[in-house]
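Participant: Sharing a structure below in structure tokens format, with a few things to ask.
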Amino acid sequence: MPESSRFGHLPWLLLSVLILVADRVTKDIFEGTLSMYQRIEVIPGYFDWTLAYNTGAAFSFLADAAGWQRWFFAAIAIVVSVVLVVWLKRLKRHETLLAVALAMVLGGALGNLYDRVVLGHVVDFILVHWQSRWFFPAFNLADTFITIGAILLALDMFKSDKSAKEAAQ
């Protein structure tokens, strides 16, 4: 991140916006290309493109609820997004890994929030499976960035914990 305070934490927010745009563009491409549950084999026996709508949360949690979950999960995403923006704003310049992690989670959360509020469901298009016997639930770029961001967040916590222990010695 640049040392200039003129732009502050803007680069991290721009990363979040870039993730949001990439997520939205890919979802639009697959919605325009595939019909529901159609599969295009990418890596035979392991990876397909597909189109699925998820009205629930991760792994279709509460997808069969009466519709209230749309606004419940949207409210959670809004609260989480506000917390992440505030957290990003309070970071010190040297906390680059943490900033990238938070920006990725924020971008992904905003991508799925858009779907949930505007469309009433989240658009998923990535399908990982093992020879059509075992299937991981379909997901999208937003989910991918949320996951990578969470992993980076955990790595940053371990790194920070190690640094704190070394400083104490």
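In case you wondered, yes, glycine gets a Cβ from its N, Cα and C as well.
Swiss-Prot lists these features:
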type	residues	note
ACT_SITE	ASP124	active site
ACT_SITE	ASP143	active site
TRANSMEM	1-21	transmembrane segment
TRANSMEM	68-88	transmembrane segment
TRANSMEM	94-114	transmembrane segment
TRANSMEM	135-155	transmembrane segment
Participant: Between ASP143 (active site) and ASP124 (active site), how far is it from one CA atom to the other, in Å?
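Facilitator: For ASP143 (active site) versus ASP124 (active site), the Cα atoms are 9 Å apart.
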Participant: Counting only residues 6 or more past its boundaries, what in the same chain has a CB within less than 8 Å of a CB in the transmembrane segment (135-155)?
Facilitator: 19-20, 22-23, 26-27, 50, 52, 54, 58-60, 97-98, 100-112, 115, 122-129
Participant: Can you tell which of ASP124, ASP143 has the least company, meaning the fewest other C-beta atoms within 10 angstroms of its C-beta, among these active-site residues?
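Facilitator: Least crowded of the active-site residues ASP124, ASP143, by Cβ count within 10 Å, is ASP143.
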Participant: Give the helix, strand or coil assignment DSSP yields for ASP124 (active site).
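Facilitator: DSSP assigns ASP124 (active site) to strand.
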